[in-house]
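Q: Mind looking over this structure? Questions follow.
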Amino acid sequence: MRKILKLKIGREDLILETGLLAKQANGAVLATYGGSTVLATVCCSDSIRENLDFVPLSVEYNEKYYAAGKIPGGFIKREGKPKDKEVLVSRLIDRPMRPLFDKRFGREIQVVPTTLSTDQMNPPDIVGMNAAFTAVFLSDIPFNGPIAAVRIAYLNDEFIVNPSFDEIQDSVLDIVVAGSLDGITMVEGGANEVSEEILLDAIDKAYAYIKQICDLQKEFIYLIGEREKLPLAYEEKVFEFKDDLRSLIYSELKDACFVRGKLNRDKAIKLVKQKAYEHFSSLEQINDENEILFYKACDDFEQEIVRKSILEDNLRTDGRTPTQIRDIIAEVDLLKRTHGSALFTRGETQALAVTTLGTSIDEQVMDDIDGDKRLNFMLHYNFPPFSVGETGRLMTGRREIGHGHLAQRSLEAMLPKKDDFPYTIRVVSEVLESNGSSSMATVCSGSMSLMAAGVPVKEQVAGIAMGLISNDDKYVILSDILGEEDHLGDMDFKVAGTKNGITGFQMDIKISNVTKQLMRDALEQARIGRMHILSIMDSVISSSRGDISVNAPKIVQLQIDIDKISLVIGSTGKTVKAITDEFEVRVQIEQDGRITLFGTDNLKMQKAKAKIESIVREPKVGEIYDGIVKKINSFGAFIELTPTKEGFLSNRSRSRDDRYGSDIRHSRYSNRNSRYGRDNRSSFSMRFPRLEEGQIVKVRISDIDKFGKIELELARD
């Protein structure tokens with residue numbers, strides 16, 4: 001049965017519809033906001049996998065080109081593998097939703113949001129999030145919903161709910177907030193040095209609308225009736241001999257948890273578990289059915305030890321206090337032939353960032369349903385398996401794309417405008433070691449490598465990952481969390497920014513009682529940590545170098561009148577090709593008359609610039625040129641001043657110097673082979689015997705008539 005509900009959110013109605021499309025799916029919802037429409041479906045498999053310690057959830061957000069009235073570019077006229085944008089939206093949908101599924105369901109779950117229409121004004125990602133959340137909530141799959149999402153922008157000192165693309169572009173804050181009726185579950189966004197209070201107020205603003213959308217979803221239950229949920233695959237079980245296991249390993253496991261060094265600690269913990277496994281195996285108390293339960297019980301003890309130590313003793317597994325940051329080492333210029341490089345090491349996390357400068361030809365062209373774009377800043381994050389001491393495939397996965405995007409957003413607000421710095425910038429982060437917050441290490445190394453490359457960034461940017469350990473009575477905020485603290489904790493909050501404010505952030509919350517005061521405390525602790533990290537980075541490099549790397553391409557720009565573009569190009573591109581060949585530069589001409597020269601030799605580029613300026617320059621009386629004699633006739637000589645300008649040197653003109661004086665003008669030549677017994681040259685050659693075609697001669701413009709014809713006279717050197 002078709003049901004439709006709507007709610008005013010910002011300037012448009014959010015319309016949710018079910019019962020018309022994709023009725024064979026476990027759940028399907030069509031969501032519309034303005035002219036953007038997304039269909040989200042959810043299905044689960046019939047096969048059951050028992051004793052899983054994770055939710056087998058996959059989210060496959062996809063955009064159809066027909067949604068914007070477009071046909072895919074390229075040779076294959078069909079949508080292909082997911083673009084980075086689709087991967088990022090899939091992660092936005094996945095992260096707040098995953099903790100709300102019951103692991104005991106034991107079936108694979110697939111959520112497929114598909115953009116069917118877009119007005120290129122309202123971003124479809126936020127529409128897809130609410131469509132997906134509602135589809136799962138209305139399905140027969142066990143789910144602890146409802147949840148919803150809202151985007152907030154901050155522009156002209158005002159918060160805008162679900163802003164348009166243009167408003168996002170102009171804003172100083174852009175965040176996506178997801179949450180349930182119990183509280184916030186996810187925040188992600190970028191900013192241009194906003195304060196912590198503005199961020200908190202934006203989250204508050206978003207949450208007010210999130211609760212309204214959650215209530216709207218619950219209205220569907222009253223309209224269509226609550227569906228019977230599919231049964232859980234199994235009841236939660238515990239290891240039968242868990243008490244005996246605790247008595248056997250707890251003390252030894254506690255010691256192992258506080259061994260210094262990630263690899264040593266992991267090895268010590270693994271050894272304790274292995275000894276316990278052998279003990280229970282010898283008693284025939286472990287079998288194929290309860291082996292997973294045995295390891296889960298060991299993990300429960302480990303989590304209990306770590307959390308209890310932090311809550312009661314303010315002691316972390318590596319010996320730090322909650323606010324303490326690991327030792328930091330920062331370096332620049334490690335790689336001599338690159339344009340800029342920096343190494344940032346924080347404890348056992350290490351990121352090498354390399355900046356490469358290119359030309360506008362190197363920009364990434366995005367064929368997108370939201371409109372074609374050209375990106376002149378890219379950050380690529382690589383996380384090879386050796387960074388955690390493992391083997392595996394070298395490939396770019398969703399995690400790498402997501403972490404790279406967060407680091408890119410954190411840095412891009414500090415980059416110069418394209419008109420001021422017309423380079424294409426690519427930063428590559430190679431994570432060489434990882435034990436927590438490698439994306440924030442990427443921000444730090446990336447910021448320093450940009451400065452080392454000579455990119456005139458506005459401010460240094462640093463990042464830090466915050467964590468949370470809490471119980472019913474107390475919470476402890478952790479600065480610079482380890483990988484295990486991320487796994488065992490209640491919150492992962494990454495914050496990047498400058499000394500002036502926040503530029504990037506990402507928060508995932510696993511509990512429901514996170515208050516505004518808690519987030520305020522976390523942001524303040526993050527700010528203090530960020531200032532400490534910035535001070536260390538600034539001691540290595542505190543501002544951009546005055547010049548770009550000698551290994552980077554050089555760029556020279558000039559502006560000409562639009563009607564002069566054809567002069568620079570020349571007939572069939574002859575003129576611009578000659579400039580390219582003569583000066584070894586690459587010339588790019590824009591429709592607005594902006595010309596960009598790319599090359600490696602500054603002197604040749606300046607000469608090429610001067611050449612172009614001479615081509616488009618309007619000649620003036622009295623100017624002197626080194627002209628080329630192109631043609632001689634009986635009346636005088638045609639002199640090429642520039643590839644597009646010629647003047648006429650008459651045989652009646654008089655030089656202002658003595659070089660071509662009377663002895664030359666009145667010279668006579670005899671030619672014995674002449675039919676008339678005298679030289680057969682033109683009278684001009686007789687008067688100016690030193691001039692020959694192809695000769696370079698210095699001339700002065702003596703007159704320009706109303707038709708633009710140029711008269712010349714010989715000039716002094």
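Backbone N, Cα and C atoms are what each Cβ position is placed from, and that goes for glycine too.
Below are the features I grabbed from Swiss-Prot:
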BINDING   Asp486, Asp492  Mg(2+) binding site
DOMAIN    553-612  domain 'KH'
DOMAIN    622-715  domain 'S1 motif'
REGION    650-681  region 'Disordered'
COMPBIAS  654-666  compositional bias 'Basic and acidic residues'
Q: Here are the binding-site residues: Asp486, Asp492. Which has the lowest count of other Cβ atoms within 10 Å?
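A: Each of the binding-site residues Asp486, Asp492 was scored by Cβ atoms within 10 Å; lowest is Asp486.
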Q: For the domain 'KH' (553-612), what's the model's average pLDDT?
A: 90
Q: Pull the DSSP breakdown for the domain 'KH' (553-612) and write it out as helix, strand, coil residue counts.
A: 32 helix, 16 strand, 12 coil
Q: State the three-class DSSP label for Asp492 (Mg(2+) binding site), counting H, G and I as helix, E and B as strand, and everything else as coil.
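A: DSSP assigns Asp492 (Mg(2+) binding site) to strand.
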